[in-house]
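K.L.:
Have a look at this one.
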Amino acid sequence: MARHPRWTLSQVTELFEKPLLELLFEAQQIHRQHFDPQQVQVSTLLSIKTGACPEDCKYCPQSSRYKTGLEAERLMEVEQVLDSARKAKNAGSTRFCMGAAWKNPHERDMPYLEKIVQGVKAMGLETCMTLGMLNESQAQRLANAGLDYYNHNLDTSPEFYGNIITTRTYQERLDTLEKVREAGIKVCSGGIVGLGETVTDRAGLLLQLANLPTPPESVPINMLVKVKGTPLADNDDVDAFDFIRTIAVARIMMPTSYVRLSAGREQMNEQTQAMCFMAGANSIFYGCKLLTTPNPAEDKDLQLFRKLGLNPQQTRVLAGDNEQQQRLEQTLMTPDTDDYYNAAAL
């Protein structure tokens, strides 16, 4: 947390209590000061290791503690990962994210991780990873290999956290974010709405994120996807307006961060997603899966973009900017592959 917090809990609570339309108006004004309101960042991820996670996160079907029917998959071979990255670049992607269902990587995994980061970077792509907790040495090694972004979510408020996870502490999550930042890697961190938390807990989560010494460059806001076999399978549905309100407050509190619609978009109608964009969301994941749950197909996303007058964000890479952007737009228009799917709730 910053020495002199930018926000207090009472200030954040006041935002959550504002009339919704007034809140949306404020969020949209702030959004337009820092971003093109017609541009949405589109990200794609690959799971390099799925399932058999030793953690007990109550929302997660990848935990080995719950019987969800998910089949564990071994760590992908380096060439498999690089081949997927090549295909992603040919399809127009400029950032390639890799996720592994681990509590933390082991030292024996580091040469493998460094090799795939270096290989993907050599293609002119930005790199992102979500691997669980990192120590200082691991963060620095990934940074030296060329890793651009690292995802590690806080999930919820410190007060509610123990109801959801017991196998790692909240402070351990904060420590990982600090190590990532100190290594020079950009931070991606957010949370989940629908865990059974209160509005005060949602305020507490955003308070933690916004008061970090440097707020995350990317803030994914997930809506709980209830998976049979997990302890939260019977949780109440999230009210759409409550979710939209959370997006708006995140935008106001972290005006220069990308606020990303992550897990749960498959269960949102177009109207809800449109209001999320109005509230300041400006990033999505696309592909057939997000983590191990459904995500809207690329063609549905493009149709929604057309209806709302939105466009995939122009992103600079080492070479071929215009050509890659054209390929991305063409891929969104004519998706014909399931090779790319979102593997982690970022």
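The backbone N, Cα and C atoms fix where each Cβ goes, and this holds for glycine too.
Okay, so Swiss-Prot annotates it like this:
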| type | residues | note |
| --- | --- | --- |
| DOMAIN | 38-256 | domain 'Radical SAM core' |
| BINDING | CYS53, CYS57, CYS60 | [4Fe-4S] cluster binding site |
| BINDING | CYS97, CYS128, CYS188, ARG260 | [2Fe-2S] cluster binding site |
K.L.:
Looking at the domain 'Radical SAM core' (38-256) alone, can you tell me the average pLDDT?
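P.N.:
In the predicted model, the domain 'Radical SAM core' (38-256) has a mean pLDDT of 91.
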K.L.:
So, three-state DSSP: helix, strand or coil for CYS57 ([4Fe-4S] cluster binding site)?
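P.N.:
In three-state terms, CYS57 ([4Fe-4S] cluster binding site) counts as coil.
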K.L.:
Compared by Cα position, which of the binding-site residues CYS97, CYS128, CYS188, ARG260 is the closest one to CYS57 ([4Fe-4S] cluster binding site)?
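P.N.:
Going through CYS97, CYS128, CYS188, ARG260 one by one, the closest to CYS57 ([4Fe-4S] cluster binding site) is CYS188.
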K.L.:
For ARG260 ([2Fe-2S] cluster binding site), which DSSP three-state class applies?
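P.N.:
Going by the DSSP assignment, ARG260 ([2Fe-2S] cluster binding site) falls within a strand, counted as strand.
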K.L.:
Let me check the 10 A CB neighbour count of CYS60 ([4Fe-4S] cluster binding site). How many other CB atoms are there?
P.N.:
26
K.L.:
Roughly how many angstrom lie between the C-alpha atoms of CYS128 ([2Fe-2S] cluster binding site) and CYS53 ([4Fe-4S] cluster binding site)?
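P.N.:
Rounded to the nearest whole number, the Cα-Cα distance is 20 Å.
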K.L.:
Would you list, in sequence order, the residues of this chain other than CYS53, CYS57, CYS60 that have their CB within 8 A of the centroid of the site's CB atoms, where the site is the one recorded for [4Fe-4S] cluster?
P.N.:
GLU55, ASP56, TYR59, PRO61, GLN62, SER63, ALA101
